[in-house]
Amino acid sequence: MSNSTSYKAGKRSNKSVTFFVCFLAALAGLLFGLDIGVIAGALPFISHDFQITSHQQEWVVSSMMFGAAVGAVGSGWMNFRIGRKYSLMIGAVLFVVGSLCSAFAPDTQILLIARVLLGLAVGIASYTAPVYLSEIAPEKIRGSMISMYQLMITIGILAAYLSDTGFSYSGSWRWMLGVITIPALLLLVGVFFLPDSPRWLAARGNDDKARRVLEKLRDSSEQARNELNEIRESLKIKQSGWGLFTNNKNFRRAVYLGILLQVMQQFTGMNVIMYYAPKIFGLAGFASTSEQMWGTVIVGLVNVLATFIAIGLVDRWGRKPTLKLGFLVMAIGMGVLGTMMHIGVESTVAKYFSIAMLLMFIIGFAMSAGPLIWVLCSEIQPLKGRDFGITVSTATNWIANMIVGATFLTMLDSLGNANTFWVYAGLNVVFIFITIALIPETKNVSLEHIERNLMNGKALKNIGE
Ligand code: BGC
């Protein structure tokens, strides 16, 4: 059992190889974040240039999420056929093409097509990168490595908010969308140097290559051999994907858990703030555009900084306590924000207090559900059904994301500001109980061990024991 893994002194080089590999894969996360963040600031200028209706604006935003859902669905199959490395490469090419097309789009139609292409790229990246990271990283740091992926997402969002704010003075939305080509090219070049995932290689019967990759990534040949043996062991279950889903009720539980986890992440209400932060600053009494733009940058910054809390906690404190605390913090943040809207935000103190609550919510998300849901989703699927299971959960992330993004303004109109925030506060309270009842603790447990427990029918919340 590789739980007994020991990291011997004098073997630093392998660690840095692993770190480099994980860093590169996490670059995919940076692009994910850039593309999520960039549209908030670009949209007003695009709408002005192309003279589009608010309905068309909604399409400009949500076409990417649509593409991402499709990309995530296609990724399962693609990852199975060509592996993680080449899937990331296709994602990188789409990032480059999508960024260039959107920067040069002559009209709304081309822009929409470009956004769908970018969405496909984001969908592939959001599927492939966490899987790859979970298969490459040694289990002791697996949680932190995937959290690093989330860190890159948040840095991407912040960078997009900053660059939007910078370009907003000249009003150049083409530059806002176009600069993303640079990190996209970087990813494309970097991906060439990545090794194939040892788990994927072993699943294709390529044991020799898998062993060689593991030897490069682990501290000793013994460790590499042990890990390969564990992988072989877990490969003995002969079905995969849809077949496994229809025949095996234990696997079905993992798929449903993945869906639930991603619905929980999106229904915390995080993206309501990511997409509509300037508007929320407006509701909290900040009237000028520059106040709203810079306020949005602060939201992005706090999101990055609080992700470090998760990186520190995830492999020490564990997934469950961090999640429970995070949902609690988010419930309080949203709840009090709703109450402020109910009372009416008039004084300066009330304005800043409301924003403090908004930031508290961001901290709650970034330290918990943001990274941890991706960590858990990549950990709970058994190897033979991993591609299928993660396809389903990642597609769920994007579909739920689209629903949240597309209903917020309607909710404000029909329920009122306070009630809208209270609904999200209430959902976060419910998620605390779901975490207690259903979510497993997977800290410091090998993927193979989790798989054995799951397939032996252990209760979901105990599969990490
Ligand atoms: C979520 C995104 C969200 C981002 C914010 C990610 O984990 O999947 O929907 O926009 O975190 O940091």
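Note that Cβ sites are derived from N, Cα and C of the backbone, with glycine treated the same way.
As recorded in TrEMBL, the features of this protein are as follows:
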| type | residues | note |
| --- | --- | --- |
| TRANSMEM | 20-47 | transmembrane segment |
| DOMAIN | 21-443 | domain 'Major facilitator superfamily (MFS) profile' |
| TRANSMEM | 59-80 | transmembrane segment |
| TRANSMEM | 87-106 | transmembrane segment |
| TRANSMEM | 112-133 | transmembrane segment |
| TRANSMEM | 145-163 | transmembrane segment |
| TRANSMEM | 175-194 | transmembrane segment |
| COILED | 207-238 | coiled coil |
| TRANSMEM | 254-277 | transmembrane segment |
| TRANSMEM | 293-313 | transmembrane segment |
| TRANSMEM | 325-343 | transmembrane segment |
| TRANSMEM | 355-376 | transmembrane segment |
| TRANSMEM | 388-409 | transmembrane segment |
| TRANSMEM | 421-439 | transmembrane segment |
The transmembrane segment (59-80) vs the transmembrane segment (388-409): 3 or more CB pairs under 8 Å: yes
Feature contact check the transmembrane segment (20-47) with the transmembrane segment (421-439), CB under 8 Å, 3 or more pairs: no
Mean predicted confidence [pLDDT] for the domain 'Major facilitator superfamily (MFS) profile' (21-443): 89
Range from 20-47, 87-106, 112-133, 175-194, 388-409 with the greatest count of C-beta pairs under 8 A to the transmembrane segment (254-277): 388-409
Tertiary contacts of the transmembrane segment (175-194), as residues 6+ beyond its ends and Cβ separation under 8 Å: 21, 24-25, 27-28, 30-31, 34-35, 38, 41-42, 45, 85, 88-89, 91-93, 95-96, 99-100, 102-104, 132, 160, 163-164, 167
For the transmembrane segment (112-133), distant same-chain residues with Cβ under 8 A (at least six beyond the ends): 22, 25-26, 28-29, 31-32, 35-36, 59-60, 63-76, 78-79, 84-85, 87-88, 90-92, 94-95, 97-99, 101-102, 105, 142, 145-146, 148-149, 194, 197, 374-375, 377-378, 386-387, 390-391, 394-395, 397-398
Feature contact check the transmembrane segment (355-376) with the transmembrane segment (20-47), CB under 8 Å, 3 or more pairs: no
Contact between the transmembrane segment (145-163) and the transmembrane segment (293-313) (at least 3 Cβ pairs under 8 Å, separation 6+): yes
Cβ contacts under 8 Å made by the transmembrane segment (87-106) with residues that lie 6+ beyond its boundaries: 25, 28, 31, 35, 71, 75, 78-79, 113-115, 117-118, 120-121, 124-125, 127-129, 132, 174-175, 177-178, 180-181, 184-185, 187-188, 191-192, 194
